[in-house]
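Asker: Questions regarding the structure given below will be posed in turn.
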Amino acid sequence: MVFESELLLQRRLATTALKQPKELGYYSTNVGGELKVMDESNLSYYYLPDADIEKHIDLSAGARKFQDEQAEAEDDTGSLHGLLQTLMEYERRKSKKVNADIIAFRGQVKRLIHCAFGGHATDVDMYVMSFDGQLFIRAARKKLEFPTSPRESWAYLAYYSGYKFERMALLDRPVAETPREVLESRGKQVVRNGPQYKTVVRTGVGEHKLVLGAEVDGIFDFREPTGDNLKHYVELKVAKKVQTLKDATNFEQKLFSVWLQCFLVGINRVIIGFRDEKFVLKSVEEFSTSEIPLLLKSTGLRNACVDAIKWYGALTKWLCELPRGPEDDFKLYRLSCSRGALHLRQLHDEDLANGDDIIPGWFREWRRSLSKSHGS
């Protein structure tokens with residue numbers, strides 16, 4: 001008999017109790033599979049003075065030379081390997097298994113929440129594996145979808161402008177360590193999106209704990225070499241300058257989306273660059289993640305943030321009701337969204353369950369050795 005379960009999208013948990021996110025580790029990754037745990041070499045630093053903003057930066061400049069390494073690479077963009085390597089290093093330091101119910105990337109959890117607030121149902125297509133008393137979630141697709149339109153098209157320039165803004169607003173090193181010629185030539189540098197820096201955070205809602213991996217755009221002020229840097233991270237976004245009612249509605253939706261993205265892992269600061277129809281940067285504004293729900297109070301999304309937390313609690317509780325057996329009791333499920341509900345269906349795919357696509361062999365062996373060391 002095949003196990004199946006569903007959760008209606010209008011379901012909500014009464015509680016909005018949240019656990020304070022805490023950084024467990026971080027890693028740097030490049031296209032091609034290069035990955036360095038507890039390494040900040042790909043961490044960037046925010047620096048965009050008013051004098052630069054006043055130059056009306058063209059966020060479409062250089063699109064033809066854009067090195068879209070993520071789109072061109074053959075990498076498995078849904079792989080949990082970097083997250084699990086960082087988690088393994090954390091467990092090695094602590095000599096114990098991390099206390100968590102769900103392990104996933106922020107992007108997957110965001111999709112699960114967003115599907116109840118106008119997100120595309122097709123965005124929810126995931127595998128859930130029960131292993132060692134925990135649930136591991138990854139995207140079913142190994143490759144993200146990237147724009148296929150011509151580089152001079154509006155759709156492609158809208159996609160590119162976000163990366164261009166990051167290139168103009170971020171430095172590879174703190175500004176005090178950056179040569180003047182580098183600062184002055186940022187506008188001429190070719191934009192590329194291969195190198196990434198990711199944080200691994202433990203958080204929770206209601207009675208359940210999650211470990212989430214998430215890409216970080218950069219540091220806003222300074223980095224603490226031995227501390228938790230969540231309070232120093234910043235998220236960058238580009239939005240169209242608000243001039244019409246439609247612009248305002250779109251911006252409110254974007255604010256809700258970025259709040260959800262940052263709230264999930266405890267990033268406290270958002271910087272949004274406002275552009276015109278020709279992708280010229282007109283202004284830059286800083287937002288506190290905690291203040292965004294207050295800003296949305298006077299809009300059509302007045303209750304969206306609290307409602308999202310209640311839905312987050314409901315879906316997490318539902319997932320954690322899945323049977324979670326001992327170390328070698330693997331159970332595999334497909335998670336999807338359709339007809340106003342989330343659906344879980346058990347799979348009997350031994351190749352997928354025993355392969356490295358979801359939980360690699362080296363992580364399974366690590367957990368076995370950890371279990372034996374505690375049992376001896």
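Glycine is no exception: its Cβ is also placed from the backbone N, Cα and C atoms.
Got these off Swiss-Prot a minute ago, pasting:
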| type | residues | note |
| --- | --- | --- |
| BINDING | F105, R106, G107, E215, K237, Q261 | substrate binding site |
| BINDING | E166, D217, E235, L236 | divalent metal cation binding site |
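A description of the local structural setting of each listed feature is requested, covering burial, neighbours and distances.
Answerer: According to DSSP, G107 (substrate binding site) sits within a helical segment. Taking a C-beta cut-off of under 8 angstroms and a sequence separation of 6 or more, G107 (substrate binding site) has the following same-chain neighbours: A139, A214.
The secondary structure of L236 (divalent metal cation binding site), as reduced to three states from DSSP, is extended strand. With a cut-off of 8 Å between CB atoms and residues at least 6 apart in sequence, the same chain places Y46, G162, F165, E166, A169, L170, D217, G218, V270, I271, I272, G273 near L236 (divalent metal cation binding site), listed in sequence order.
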Asker: Using DSSP and collapsing to three states, where does E215 (substrate binding site) fall: helix, strand or coil?
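Answerer: DSSP call for E215 (substrate binding site): strand.
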Asker: Return one of helix, strand or coil for E166 (divalent metal cation binding site), based on DSSP.
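Answerer: Going by the DSSP assignment, E166 (divalent metal cation binding site) falls within a helical segment, counted as helix.
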Asker: For the substrate binding site, please report the maximum Cα-Cα distance among F105, R106, G107, E215, K237, Q261 in Å.
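Answerer: Farthest Cα pair among residues binding substrate: 20 Å.
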Asker: Could you give the Cα-Cα distance between E215 (substrate binding site) and E235 (divalent metal cation binding site), in whole Å?
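Answerer: Each residue's Cα considered, E215 (substrate binding site) and E235 (divalent metal cation binding site) end up 9 Å apart.
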Asker: When you put E235 (divalent metal cation binding site) at the centre and draw a 10 Å sphere around its Cα, which of the binding-site residues F105, R106, Q261 have their Cα inside it?
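Answerer: Neighbours among binding-site residues, in sequence order: Q261.
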Asker: Among all the protein chains here, how many other CB atoms are within 10 A of the CB of F105 (substrate binding site)?
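Answerer: So the number of other Cβ atoms within 10 Å of F105 (substrate binding site) is 23.
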Asker: Can you tell which of R106, K237 has the most other C-beta atoms within 10 Å, given these are the binding-site residues?
Answerer: R106
